[in-house]
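Chemist: Before we start, here is the structure in question, set down as structure tokens.
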Amino acid sequence: MERRDARRLERVERARGGRRRDPTPVTPWVRQVISGDQLLRSARYNKGMAFTDDERDKLRLRGLLPPAKFTQATQVKRVMKNVRALDSLVAKHLHLVGLQERNENLFFRVLIEHADELMPVMYSRDSVGRVCAKFSEVFNRPRGLYVSHLDRGRVYGILKNWPETKVKLVVVTDGERAMGMGDLGVQGMGVAAAKTNLYTSLGGVHPSETLAVCVDVGTNNKTLLNDPLYIGTKTERITGEVYDDLMDEFIAAVKRRFGERTVVQFEDFSNRNGKRLLDRYVSSATAFNDDIHGVAASTLAGIIAAESKTGKSASEHTYLIAGAGETGTGIGDMIAEYIATTSEPKSTVVEARRKIFFVDSKGLVTRDRAEKEPDLALHKLPYAHDGVADASTVLDAIRAVKPTALIGDVLRTMGELNDAPLIFALSRHEGISECTAAEAYAATGGRCVFAARVNTPPFVPPPGCGSNGGKTITLQPSTSAYVFPGFAMGLILADASRVRAPLFIAAAEAVAAAVTEEELSQGAVYPRVSRMREVAASVAANVAAACYDSGLATTTAKEQAPTYEKLLETAKKRRYDPSYRSYM
């Protein structure tokens with residue numbers, strides 16, 4: 001009986017010409033989803049109340065469902081009604097994850113159609129971060145793959161346990177800096193899993209092609225180590241050679257299991273390991289770190305889009321970045337690469353860095369400080385400029401450097417020094433961001449170009465804010481979600497061999513180009529969140545084109561490289577379609 005039902009489903013596929021709405025082959029799971037109750041329990045194939053009369057009869061579903069039949073559109077309305085009835089982001093997030101575990105296609109349809117409303121639910125510190133903080137308590141059904149430091153020597157075997165064989169993208173975390181919530185150990189898996197959902201809903205990567213992985217190397221969080229419900233290994237974090245050997249084994253296993261050019265995205269690694277791991281695998285894997293590269297590319301996109309508002313190109317600004325961690329210096333590096341690539345006359349990256357300054361916890365990073373502080377972090381040294389006075393505060397640094405673009409803090413002085421200052425407040429924590437948009441507009445007389453990483457409700461500056469006074473300002477968040485979904489799809493389209501700086505610049509330019517005149521007139525330098533899926537396709541095409549231009553593409557000979565228009569068409573055709581399929 002079971003074999004007969006499996007053959008029936010296979011005949012359906014053959015009758016449809018072996019074709020699906022999306023380009024990904026049917027997974028092996030279809031042969032296990034044989035009928036009735038098992039079909040309803042398969043998140044991949046379940047349609048819930050949308051099964052037709054014929055499907056209910058042929059697949060032995062009659063009586064297992066209430067008699068009514070709904071379209072997927074009606075199901076989406078019901079889901080959103082239930083989500084809106086919940087009173088917290090955490091409750092909404094858990095509700096939607098429960099839907100994903102029951103009906104994958106409906107889950108992604110909801111995310112795609114309501115991206116602007118659900119982005120804070122599915123990917124923010126106040127939703128995913130808080131869920132991760134109590135992940136061991138709410139853990140219900142495993143998602144993704146877990147690799148422990150106790151598994152050294154058998155990581156490849158663990159990857160073989162994953163049922164999908166055509167994985168194109170792996171999001172890996174060790175949970176040490178989970179959504180800014182600190183060291184959460186294995187509970188950081190929630191962030192990696194949430195990230196794969198955005199790669200699908202926004203970037204169009206098929207769910208079966210994504211894999212979230214948590215490499216459990218222990219935790220230094222005493223609360224978790226003493227928690228009887230903690231689901232990870234109860235050891236302090238391993239470090240040094242043992243840690244590196246495990247990561248080496250993991251990267252090698254990924255390439256062996258899924259292919260040499262499988263995209264690996266590092267997620268929420270500590271400042272100590274994030275850049276170091278990138279440097280370790282830059283020449284041997286198709287890898288990037290969203291906390292470094294994605295944030296930097298999205299920031300650069302805002303700077304490029306602001307050119308029409310400030311009348312200045314990126315190379316004409318002087319930048320002061322408050323915060324000299326690896327995320328901050330990643331932004332500096334991206335700006336310098338862009339200036340060196342696009343400025344006229346041409347400049348080098350070294351020359352471009354002279355226009356970029358940093359303030360850390362001890363003040364302005366200068367050459368004088370570098371000579372006095374032998375322990376100054378290596379990633380800060382390229383920005384330790386000479387010929388500038390020491391400054392212990394951001395305000396003093398502003399007066400010393402006279403920047404036209406501030407990525408961080410302090411407002412009124414920026415307005416005094418510039419006609420149209422760029423002010424980017426990039427803390428991702430609601431309630432403790434550097435400043436609000438309203439404060440920035442008020443302090444600069446409405447002359448600033450402002451962007452924040454957190455969501456900013458529409459507001460009306462007071463009459464003293466020049467041409468913006470009394471006008472409704474509708475900003476869009478400065479988030480790497482504009483970049484990484486399409487970026488990964490672009491790497492997949494080109495079957496990229498490695499990741500290099502020109503690809504991130506291409507992504508930033510695509511995001512900036514997507515900002516409409518209407519959005520700019522409302523004060524925004526990013527597209528509306530509701531357009532993220534559209535923007536991701538443009539990013540994918542531009543990144544893939546840059547792969548061909550840079551000799552990083554391997555899908556076809558360079559002389560046959562497709563045009564941007566063709567790549568855009570391919571990106572749109574290839575992206576995952578969550579519409580239900582007929583099983584008849």
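Placement of Cβ uses the backbone N, Cα and C atoms for every residue, glycine included.
Unlike curated entries, TrEMBL annotations are predicted automatically.
From TrEMBL, for reference:
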- TYR123: active site, proton donor (ACT_SITE)
- LYS195: active site, proton acceptor (ACT_SITE)
- ARG177: (S)-malate binding site (BINDING)
- GLU267, ASP268, ASP291: divalent metal cation binding site (BINDING)
- 1-23: compositional bias 'Basic and acidic residues' (COMPBIAS)
- 100-282: domain 'Malic enzyme N-terminal' (DOMAIN)
- 292-548: domain 'Malic enzyme NAD-binding' (DOMAIN)
- 1-26: region 'Disordered' (REGION)
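I'd like to know what surrounds each of these features in this structure.
Modeler: According to its DSSP assignment, TYR123 (active site, proton donor) is coil.
DSSP gives LYS195 (active site, proton acceptor) a helix state. The number of other CB atoms found within 10 A of the CB of LYS195 (active site, proton acceptor), across every protein chain shown, is 25.
Of all Cβ atoms in the shown protein chains, 22 besides its own fall within 10 Å of the Cβ of ARG177 ((S)-malate binding site). Under DSSP, ARG177 ((S)-malate binding site) is assigned to coil, being neither helix nor strand in the three-state scheme.
GLU267 (divalent metal cation binding site) has a Cβ environment of 28 other Cβ atoms inside 10 Å. Annotation note: GLU267 (divalent metal cation binding site) sits in a strand segment as assigned by DSSP.
Confidence over the domain 'Malic enzyme N-terminal' (100-282), given as mean pLDDT on the 0 to 100 scale, stands at 97.
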Chemist: Starting from the Cβ centroid of GLU267, ASP268, ASP291, the recorded divalent metal cation site, name every other residue in that chain with its Cβ within 8 Å, sequence order please.
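Modeler: Apart from GLU267, ASP268, ASP291, the close residues are THR173, ARG177, ALA178, VAL191, PHE266, PHE269, GLY274, ASN289, ASP290.
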Chemist: Using Cα coordinates, what distance in whole Å links ASP268 (divalent metal cation binding site) and TYR123 (active site, proton donor)?
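Modeler: That separation, Cα to Cα, works out to 13 Å.
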Chemist: Rounded to the nearest Å, what's the C-alpha distance separating ARG177 ((S)-malate binding site) and GLU267 (divalent metal cation binding site)? Just drop the number here, would you?
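Modeler: Cα-Cα, rounded: 9 Å.
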Chemist: Cα of LYS195 (active site, proton acceptor) to Cα of TYR123 (active site, proton donor): how many Å, rounded?
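Modeler: Computed Cα spacing between LYS195 (active site, proton acceptor) and TYR123 (active site, proton donor) is 8 Å.
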Chemist: Within its own chain, what residues at least 6 apart in sequence put their Cβ under 8 Å from the Cβ of TYR123 (active site, proton donor), listed in sequence order?
Modeler: ALA194, LYS195, ASN197, LEU198, ALA481
